[in-house]
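Undergrad: I have a structure I would like to understand better, so I am pasting it below and will then ask my questions one at a time.
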């Protein structure tokens, strides 16, 4: 009984950290490494080894889904509107002789006249770079870089880059809405998202910086980052669940449910306040925080507290 209570307590802590950090430009990975090492909730840690590495991976997937659900709830009107057939499919009553064919005309007309078509097209093309690089190389990247020193380096490099990019590009950014983002800008932002394959860099930070560089304002860049997370995380979760089957005990199932709910509720609050913050304040405070966390990860790694 006592062991189960301790387990649920650890689950709650993990859910809170996931909900707080998943969509902030501070790297949820860095925080999960620190917390997991301290409380013994990581692969190979004795208190959790009873539950197995597969369960830990599944738990990480499930709490990410909780955070994703928060985005779906907060932006339901936008997502639902973009899925309406009236906003998604252009009318092609007449075939115009444009030299690009029916399919080309359908795409061009849809992109230029249908908000939903444009929205999902931008999301899809922005996801392609990370899929192309991530699918074949993610395991190799993690094997090389999923250690305290590389994660700390990513945290600190990202912090310096964030300060530089904000000072140079933020004031130039004129695109204030996700609906104004062009397909070229979406592709570039998607390429920047690939930097998050380096553990500790932060997908949110990478995409927001990429958005600044191509002229997209902070709030629009952050929201586009949120929308990108939906297919990326759902896809990664589905892939993991297809490849792995785990027989769960009642306590393990309870742990998944609690972690999911905690991550959902915390992310719901954090994302809403994060957007309000970005409307008024610069992001350098997150850069300073990243530097501090990077130093902590380095020290803990050097002293063998985390590994």
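Heads up, the Cβ atoms here are built off N, Cα and C, so glycines get one too.
Because the structure is a prediction, the values reported are computed rather than measured.
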Undergrad: Transmembrane segment per Swiss-Prot sits at which of 96-116, 117-137?
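TA: That would be 117-137, per the transmembrane segment entry in Swiss-Prot.
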Undergrad: Which residues of the same chain, at least 6 past either end of the transmembrane segment (56-76), have a Cβ under 8 Å from a Cβ in it?
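TA: For the transmembrane segment (56-76), the far contacts come to 11, 14-15, 18-19, 22-23, 32, 41-43, 48, 223, 226-227, 229-230, 233-234, 236-237, 240-241, 244, 246, 255-256, 259-265, 267-268, 271-272.
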Undergrad: Per the 3+ Cβ pairs under 8 Å rule, pairs at least 6 apart in sequence, do the transmembrane segment (144-164) and the transmembrane segment (251-271) touch?
TA: no
Undergrad: Looking only at the recorded stretches 19-41, 117-137, 285-305, which one has the largest tally of CB-CB distances under 8 Å to the transmembrane segment (229-249)?
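TA: It is 117-137 that shares the most Cβ pairs under 8 Å with the transmembrane segment (229-249).
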